[in-house]
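Colleague: One structure, as structure tokens, below. Some questions next.
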Amino acid sequence: MPISEARVPTRRPGRYLTQLGRHAQAIGHRPGHGGHDAGGASQPHPRMLRVEQSDTTATLEFDRGRCTLDAEPDALVLRIEAPDATSLAQLERLIGSDLERFGNRDQLTVTWHRSDDHRDGDPDHHGGEHDRHGGDHDHHGGDRDQHGGDHPHGPGDAHAQGGDHGHAHRHGGVWGRVRHALVPHSHDSADRVDTALENSRRGVRTLVFSFLALSATAVVQLVVVLFSGSVALLGDTVHNAADSLTALPVGVAFVLGRRAATRRHTYGLGRAEDLAGVVVVLVIAASAVLAGYAAVRRLLDPQPVHQLWVVAAAGVIGFAGNELVARWRVTVGRRIGSAALVADGLHARADGFASLAVVLGAAGVAVGIPLADPVIGLAITVGIAFVAVDAARQVFGRLMDAVDPGTVAAIERAAAGTDRVDRAYDVRVRWVGHSLRAELAVAVDATLPVGAAHRIAHEVEHRLIHAIPRLAAAIVHTEPADAGPAHRALAHHRTAAAPA
Ligand SMILES: [Zn+2]
Ligand SMILES: [Zn+2]
Ligand SMILES: [Zn+2]
Ligand SMILES: [Zn+2]
């Protein structure tokens, strides 16, 4: 049985062992894992069957072959056994390229050494250099670079439909693919996929909880407003009611955003989140106008405030309700990577302090300053107005496709770092709901066949998905260093469209 071994010196062998084992478990190297379709076309990829793993050793069992990994103190030692040379070469490429990608920062290099007695009559073996990188087999001619039917392009698969990459997960099948496409996920390991599923449920649950908690707070406060006549408390109540209502459109966006793309909505309905954001801004602005109007009227026409202790208690309840919601939102938002939820949480925290101002107003009235109540009411209104402006800025940024410029730089860096990519540029990236989609161009060797260039494009996409948080898909345009002639024909259509 052909055997190949690699000794990879590293200070963190255990870490890479764990990472590789998890990746194998999560993905299974089947046809359809977009980043790993570089194998021979003559034979389908080895299929992942089983992973056994401890802290220092792991065994990846494939239908044609097996890889054992051992974490030694200063190196990760890999050993592949396969029934034939082709399977051996495929496993070398799959495992080697994954490990090199994981170890990119430590500049890990995997060099395979085959047992000498198997060198003869091995058509696939050209010595270490060529077998390390799946894409380097252009010298085999045509059939190496064709799809051989195992590339996941075509109707009915996740890659073509959702723009999502075609990882086939352990749970496999149609349901697995649908789930992979619909649920926000990190695909590095099986447990995180499950956690991601749990997370999105937690996200919705958090919204429901926030809605209930803030509604209850507002109802209790409203009762106190009615018999006390405090406009400061009115402002706080209106604010809390508006905030609880904001959960409704966001909840709708969560549900709609997970719908699959259709031929009418080819990017899915993720942008419902932005629309919901516009509604939120309008609701907050309207609540600011209402609270401001009440406070100004009271300044012009002072009225007594009754039951000051109860008003103060209602302020404390407002603080407690908001702080509870804030903690819940920030924690869950950070975990599922929803900036919107984190921002909502910080907002609720600020609101909690606005509620405490109601207590201050009641104290002022108690010591003989009746204007304290409407003044605090106005201050709360100003607070609501700031919140509205801030939310508006964020939502309009989304509507105008604004992203963090650092994300663009990170995409350029990760793409340019891909094997055989000379340059990466013309990056466009935007949010659709809470995932990012990117387009970019990469310069490659002009003499590469289409198949090889296509593989590079998907390697770039795969690297980006791993490197850029929340990136769901990237469309990569490969072109030769001198793309001038092809681009000149289009030049008169491209005035201000391209980013600098
Ligand atoms: Zn608020
Ligand atoms: Zn493709
Ligand atoms: Zn991957
Ligand atoms: Zn081009």
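Glycine too: its Cβ is placed from the backbone N, Cα and C atoms.
Automatic prediction, not curation, is the source of TrEMBL annotations.
Model, not experiment: these values are computed from the prediction.
So TrEMBL lists the following for this protein:
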- 113-166: compositional bias 'Basic and acidic residues' (COMPBIAS)
- 207-232: transmembrane segment (TRANSMEM)
- 208-400: domain 'Cation efflux protein transmembrane' (DOMAIN)
- 238-256: transmembrane segment (TRANSMEM)
- 276-296: transmembrane segment (TRANSMEM)
- 308-325: transmembrane segment (TRANSMEM)
- 346-369: transmembrane segment (TRANSMEM)
- 375-392: transmembrane segment (TRANSMEM)
- 405-480: domain 'Cation efflux protein cytoplasmic' (DOMAIN)
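Show me how these features fit into the shown structure, please.
Modeller: A Cβ distance under 8 Å defines the sequence-distant neighbours of the transmembrane segment (276-296), meaning residues of its chain 6+ beyond its ends; these are 231-232, 234-235, 238-239, 241-243, 245-246, 249-250, 252-253, 340, 374-375, 377-378, 380-381, 384-385, 387-388, 391-392, 394-395, 398-399.
Using a Cβ-Cβ cut-off under 8 Å and counting only residues 6 or more beyond its ends in the same chain, the transmembrane segment (308-325) has close neighbours at 209-210, 213-214, 216-217, 220-221, 224-225, 228, 230, 232-233, 236-237, 240, 345, 348-349, 351-359, 361-363, 365-366.
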Colleague: What average pLDDT is reported by the model for the domain 'Cation efflux protein cytoplasmic' (405-480)?
Modeller: 94
